[in-house]
Structure formats: C-alpha cells, structure tokens
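Only one structure is covered here, and it is reproduced in the block below.
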Amino acid sequence: MASHAIGVLGAGYVGLTTAACLARLGHAVTCVDIDEPKVAGLRRGEVPITEPGLAELVSGPRYTTDHRELAAAEFVFVCVPTPMGEGGQADLSGFDGAVDALRPVLRPGTVLVVKSTVPIGTADRLARAWPDHPVVSNPEFLREGHAVEDFLHPGRVVIGSDDGAAARRTAALYAGLGAPVVRTGPASAELAKYASNAYLALRLSYVNVLSELCEQVGADVGTVTRVMGLDARIGPACLDPGPGWGGSCLPKDTAALARSAADLGVDPALLRAAVAVNERQPGRVAEKVRAVVGADGLDGIRLGLLGLTFKAGTSDLRDSPALAVARRLAAEGAVLTGYDPAVPAASPQVAPVQAVDDPSLVAKGAAAIVVLTEWPEFTALDWAQLAGLAEGDAVIDTRRLLDPAKLRSCGLTCLPLGGQ
Ligand SMILES: NC(=O)c1ccc[n+]([C@@H]2O[C@H](COP(=O)([O-])OP(=O)(O)OC[C@H]3O[C@@H](n4cnc5c(N)ncnc54)[C@H](O)[C@@H]3O)[C@@H](O)[C@H]2O)c1
Ligand SMILES: O=c1ccn([C@@H]2O[C@H](COP(=O)(O)OP(=O)(O)O[C@H]3O[C@H](CO)[C@@H](O)[C@H](O)[C@H]3O)[C@@H](O)[C@H]2O)c(=O)[nH]1
C-alpha cells in the first residue's frame, strides 16, 4: 500500500487513535495538538488515555504543537472536540477555530477529512469556504476502551464527499484494513454518524424502561433481553440496562440530532423521549437506595459506590451516569465514598464522591453499596470481607454484574436493576 503524508489535528481519543493507527498502516503521520504538556508527554511515549494497544503504536506519528508542520500533508484529519452547546446543538466554535488555523499553512489540494462528529451540512459549508481543498466527511465509530481494535477492524468506513477523486484517495488510505467502505454524499455520512449514536441511545432507554417494567411485574430483564437478542433482526449487543447512558458522545449527539430535527421541522419526539428516560434514570437508582436505607431519607447516610467512570474499561468521567447518580444521592444528603480501578484516590474530578483506592474503604460503615460501573474485577472482590465492614446488607447492582447467590452466601442482599 502506498504511504501518504497525513496530518491529524487533535490528539484525543479519536485523533491519537487515528494518528497511531494510520502510522501503523504505513503512512507518515504528523499529529498536532494545542495542549503542550500532552504533546510533550506523547513525544516521550506517554499515552494520556486508557486504551488497550495504543502504547504499542504511540511512537508511530510525530507530535507537535506547530501547525506549520502540516504544510506538506496530503490529507488533514480534523479530530477536535464538538461539545454540546446551549440548546443541544453542537458547539462548533472550537472546530471552526481549529480549521481556520490551518488556512495559512495548507497548500492547495490538501484534502480536509472531517472525523469530528459535526452537524449535517458542515462538510458542505467547509467545501464552500475552502474552494482550493477537497472536503471529505469520514465519521468515526470507535468505542472508548476499544479504540484501537475498532479503528483497525471497523464495521464500516464511511467516506462522504462530492469530490469523487478525493473520496477514492481517502478510501485508499484504509485499504489495508479490508473493511467495507460506504461511499456517499457528505450529508448522508454526517447523518449516519448521528443516526448510529442516537439509535444506541434509543435502544438503551428502551431497555431501561423494560427494566423498570420487569421490576413491577416480577420479570427478569436479563431473560427478556436475551430472548430479544436471539432475534437476528435485534441482535444481542447493547441491551444491558444500567444507571443511564453517558460518555462524551451518546448524550451530546442525541441532543444535537434532536435539535437539528426540530430546527428542520422534523418531529424530534422519539429522540426527546429517549433523553427524558435517561434523565430519569439516576432518580430511579436513588429511589432504590432510599427503599433499602429507610423512610428517614438519605441525610447523613454513608453509601459506598463501586465504579465512577461512564463505563468499564476507560478512565473517562465525561458525562458519567455514575456521577449523575452520585450527585443525586449527595443532593439528598448522602455521604459518598467511591472506588473505581481507573480513578486515583482523592481525585477532585469526582466530587461529591470521596475517591478511595481500596474497595474495603467503600464498604466500611456503608448503609448500602451501589455498583454503578460494570468493571469485571468487582465480581472477584472479597464480598464476605466487605459484608463484615458494611453497616447494611444491601448491594444495589445497577449493572447486573454480580451473582446474587454468591452475595447471599456472604450475608448480602443483591438487588439487581431490572429484577431477578
Ligand atoms: N471519544 C470517542 O469515543 C469518539 C468517537 C467517535 C467520534 N468522536 C468525535 O470526535 C471528536 C473528538 O472527540 P475526542 O473524544 O477525541 O475529543 P478529546 O477531548 O479526547 O480530544 C480532543 C483533542 O483535541 C485537542 N484540540 C482542541 N482544540 C484544538 C485545536 N484547535 N488544534 C489542535 N488540537 C486541538 C485537545 O487538546 C484534545 O487533545 C468529537 O467531535 C467527538 O464527538 C469521539
Ligand atoms: O448495553 C449497554 C451498552 C452501553 N451502555 C452505556 O451506554 C453508554 C455508551 O457506551 P458505549 O457506546 O460503549 O460508549 P462510547 O465509547 O461513548 O461509544 C459510543 O460513542 C462513540 C462516540 O461517538 C461512538 O463512536 C461509538 O460507536 C458509540 O458506541 C455508557 O454509559 C455505557 O455504560 C449501557 O448502559 N448498556
């Protein structure tokens, strides 16, 4: 496969993974980030995020804070943040600023490849603003915690552009992966990204409603979703109930799609319902806690939390449902101690939770233990020891991770979300 000179703008989850994996495919990659300490660390081979397989690839690209080093690039992949703005739409100020900074640097013909998740119409807008540059929408579908694996073995590579030659050249960069390539116009590519994330959000809110229903009727949501997942049209993935769906993507992308739909006069009710269910979910968990702790409420009650990140396998705390639950419990006066294998003790980022580095400190004096992230290592904790340290015997398992029979043998009562 031919090697090309590639620039990557942004060295976060997407940019760093893209840069490292494109270098792994044999391309000459220069990765630019404005975060000087991050760039200095990357130059020393330090990986700033928890991503299996990234450490082995991090030495592939060159890292710099100087945009001028992109002057020779044939392609520049834009991988900068597009956070939620007020009113739900994507805030493109950082994205636009980052792209504008390339203007004095890039030579005519350099392909602008948009990997950031951007509202429908963004690639067209860029193509008008950059008449000397082909623009390609190439949304990214990687999951945190599986970033390298997902990049190197993608379900699909989406290439959206009105410039056929640039689309072909961009698709060729991925030739080594042997993945299905979907060539399309830019609007379909941009919408396909939002459509995928919002679909996952809809599905998860549906499962969380089912879990509530299961508790009411004495059914078991694990069995219900297993039956659903055996239907090939439904499939088994992404059917686990939990304390809500979070992270840096699903919430902001669902809100942005709902906002775009509303702005275009398309009824966003379905999307808004999924968001509303999700916003209710921390309250549902708090209700379960109140039910076991007693009628006097949570004021001054010690609770132990297991898991603080937005899902297992990542240290990312952005929009973590675990923290949404924690804030909810703290607002009712609960005193919270939390353990997460990816969160250092005393981390200020998880306030109002006091983060500790030992699960037994979570159990000590706790009226109840609440499992909020599905770290597999929680199944192997010494539950008999934790039972001895806790005041109460209830373990509220919002991830349905633990074996209730095993906990029972340790003198604990496991209450899985969604019944059992
Ligand atoms: N995180 C994911 O799993 C994921 C997956 C698919 C798509 N996306 C999308 O990719 C985009 C990036 O997300 P992320 O999670 O990688 O973000 P991130 O916050 O992890 O990283 C963004 C990086 O961009 C850098 N940056 C900011 N402004 C810059 C500028 N002007 N020039 C150079 N660098 C700059 C930051 O310093 C940071 O290192 C977003 O649009 C997101 O929606 C994210
Ligand atoms: O069965 C499930 C699966 C997920 N979740 C929760 O849903 C959220 C999102 O999980 P996941 O999709 O694994 O996280 P991300 O790494 O943010 O990945 C999503 O967001 C990325 C950014 O756009 C996309 O690229 C990915 O395809 C998309 O899965 C987390 O809070 C999970 O705990 C559940 O509650 N139950």
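Start at 1 and count along the chain as shown; that gives each residue its number.
From the backbone N, Cα and C atoms, a Cβ is placed for every residue, glycine too.
Of the residues Lys193, Lys364, TrEMBL puts just one in the substrate site with Phe141, Leu142, Arg143, Glu144, Gly246, Lys311: Lys193. Matching Thr117, Thr170, Thr225 to the NAD(+) binding residues that TrEMBL gives (Asp33, Lys38, Thr82, Glu144, Lys252, Arg318) identifies Thr117. The binding-site residues near ligand 2, defined by a Cβ under 6 Å from one of its atoms, are Arg143, chosen from Asp33, Arg143, Lys193, Lys252, Arg318. Taking a Cβ distance under 6 Å to any atom of ligand 1 as the criterion, the binding-site residues Asp33, Thr82, Thr117, Lys193, Lys252, Arg318 reduce to Asp33, Thr82, Thr117. Within the same chain, residues at least six positions away from Gly246 (substrate binding site) with a Cβ under 8 Å of its Cβ are Phe310, Lys311, Arg318, Asp319, Ser320, Pro321, Ala324. Taking the binding-site residues Lys193, Arg318 in turn, the residue surrounded by the fewest other Cβ atoms inside 10 Å of its Cβ turns out to be Arg318. DSSP gives Lys38 (NAD(+) binding site) a helix state. Within 10 Å of the C-beta atom of Asp33 (NAD(+) binding site) sit 23 other C-beta atoms, taking all shown protein chains into account.
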